[in-house]
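The structure under discussion appears below in the form of structure tokens.
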Amino acid sequence: MEVVGCKAKESSCTLRPAAMLFHGISGDHIQGIMEEMERRSKSESRLAKTVQMNGRETTMPSMSPEKPALCAGCGGKISDRYYLLAVDKQWHLRCLKCCECKLALESELTCFAKDGSIYCKEDYYRRFSVQRCARCHLGISASEMVMRARDSVYHLSCFTCTTCNKTLTTGDHFGMKDNLVYCRVHFETLIQGEYHPQLNYAELAAKGGGLALPYFNGTGTVQKGRPRKRKSPAMGIDIGSYSSGCNENDADHLDRDQQPYPPSQKTKRMRTSFKHHQLRTMKSYFAINHNPDAKDLKQLAQKTGLTKRVLQVWFQNARAKFRRNVLRQENGGVDKADGTSLPPPSSDSGALTPPSTATTLTDLTNPSITVVTSVTSSLDSHESGSPPQTTLTNLF
């Protein structure tokens, strides 16, 4: 876009100096002076036909009065001294505007043309940009922040769950199906085919097993969690597929190996096993404090890798077992005074729990479910009138 027109009429004039100005000068000298003046006059007229624009010289063609130029914007004749040349057409300074926002482009550095229409930079990128938002299908400018998922690009405000319209930010888990974005909860329910509008994540976790679902972490890559083991349902024993060494933040997606149970079949309870270093850490702290608070549980969770819920259950059962041991010792002293004796309590967990009775720990992701099942010990016969106690296998 250039200012290239100047309607300055070039007129040449012949200088006829008065004779008295050259009185006393020979004819040859007078002729030489007149030729020099004509040469300088022509040089000045040529310089008047150029203007300096953006560091470069642009020649301004003179318009003949017989064929005046027409403005491509309004269609009228251009009688101004300066005019604009864009897309090989002449424009009045006031007529070169964006066809969308009507922004005057006479002072702009660039303008864009498409199908005979003039656009400013913003409207051109908005309408004809190569990158388009996969949600609103509008153009994305080169300076705008975007969210990427697989091969799709989204505005920050358009990167939302298709079901609940929740805005997803960096670090949130989401899933994609048929080029549609879903949050973690609705993507899982969509895969399972059990979507209900009022279903929340707590109810979903209470259902038990699910399918292996891929979740994305906002960087376009799929990250897998720690695989979980399972035993055959035909064996008739509890499934030890819950790894207590993982917390909720270890995996970027929820990986479950167990298929959903039929509606008529009850979900089997989960079972927890502890590693040696986890037991050592919990036993060491239990010797100092039997009832840790929330701050202590948080520190223990960081050291052991267990969740607070698992630690709460372990300390609850440890306190119950400690009270039973103290009670048995007191009852043992009374029996000795009467001439009877009881076998001393053993630290082995096998003496407290019959081998034929299995102690299970239910799904810890749902606090509403009973955590520890009741187990009757062979020592309960010595405690007349006492209700069945709860315990956890391999506590110490």
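Any Cβ shown, glycine's included, is placed from N, Cα and C.
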Where Swiss-Prot places DNA-binding region among the ranges 87-146, 147-206, 267-326: 267-326
Per-state residue totals over the domain 'LIM zinc-binding 1' (69-130) - DSSP helix, strand, coil: 8 helix, 16 strand, 38 coil
Helix, strand and coil totals (DSSP H, G, I; E, B; other) for the domain 'LIM zinc-binding 2' (131-193): 9 helix, 20 strand, 34 coil
